[in-house]
Amino acid sequence: MSGAAVAERQRPKAVYVFSGKRKCGKDYITDAIHKRIGSEKCVIIRLSGPIKKHWAQTKSLQLDELLSDGEMKEQHRKSMIEWSENVRTNDNGYFCRMAIDMYDQNHSKDIWIVSDARRKTDIAWFKSNYNNLKLIRITADECTRKERGWNFIQGVDDATSECDLDDYLEWDWIVENNKFNDCNDFINEIVNHVLTV
Ligand SMILES: Nc1ncnc2c1ncn2[C@@H]1O[C@H](COP(=O)(O)OP(=O)(O)OP(=O)(O)O)[C@@H](O)[C@H]1O
């Protein structure tokens, strides 16, 4: 194996895994961090990416719309959860592997930001496959989330995909992203941490 191939296999240097409930601001914060670090070095891995890709293909939907923070995502969320749970039953790491293939197949980036871990099995899979993992929980109160468009939906907000990490305790950072909080201190902290890896 060539030196370059070995170096590639050693990437990423760090994996920042984010979790949090709907509309807590995962995309907002991970997008901001990604912008600061730059796409030459850093990539966002969305575990929901391959699920949405499959859904867009089978239902003839626009993938971009499904990936963005709009109505279409909400309309299809429950069905996508149900479909993906079935796949996951047989293979816990399936969507983790598919998401890596989708966003950084060649392991060409130093920094991975996994924007949407939802289960203990997601974290366990990354822990068992990659070193230098940092775990971040984003929180926001219900009032703030409602202002951002969240409403409780049975079968979504009480499902494993939304609740499995509620009792997880091993976070490296817990970040409050409420209406009047300033998330820039945290964003700066991550950007500085990246410089140390
Ligand atoms: N700190 C913030 N300041 C201003 N707007 C924010 C902040 N955090 C989140 N938002 C806004 O709130 C809305 C929901 O945030 P976002 O899409 O990041 O949530 P999410 O956790 O990724 O939600 P989902 O789980 O549904 O994908 C977006 O319109 C986003 O721009």
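Using the three backbone atoms N, Cα and C, a Cβ is placed for every residue, glycine included.
What TrEMBL lists as ATP binding site is K21, R22, K23, C24, G25, K26, D27, R148. Per TrEMBL, substrate binding site is recorded for N177.
The full span of the recorded ATP binding residues, K21, R22, K23, C24, G25, K26, D27, R148, taken as their largest Cα to Cα distance, is 12 Å.
Considering other CB atoms within 10 Å as the measure, the emptiest surroundings among the binding-site residues K21, R22, K23, R148 are those of R148. Closeness to ligand 1 is met by R22, K26, R148, these being the binding-site residues among K21, R22, K26, R148 whose Cβ falls under 6 Å from the molecule.
Other Cβ atoms within 10 Å of the Cβ of K26 (ATP binding site) number 23 in total over all chains. Between the alpha carbons (Cα) of R148 (ATP binding site) and N177 (substrate binding site) lies a span of roughly 12 Å.
When the Cα atoms are compared, C24 (ATP binding site) and the residue listed as 'substrate binding site' turn out to be 7 Å apart. Ranking the binding-site residues K23, G25, K26, D27 by Cα distance from the residue listed as 'substrate binding site' puts G25 first. Within the same chain, the residues at least 6 positions away from D27 (ATP binding site) whose Cβ sits under 8 Å from its Cβ are D69, S115, listed in sequence order. Using a 10 Å radius centred on the Cβ of G25 (ATP binding site) and all shown protein chains, the other Cβ atoms total 24. The residues near the ATP site, meaning same-chain residues not in K21, R22, K23, C24, G25, K26, D27, R148 whose C-beta sits within 8 angstroms of the mean position of the site's C-beta atoms, are G20, Y28, I138, A140, R145, W150, N177, in sequence order.
Annotation note: K23 (ATP binding site) sits in a coil segment as assigned by DSSP.
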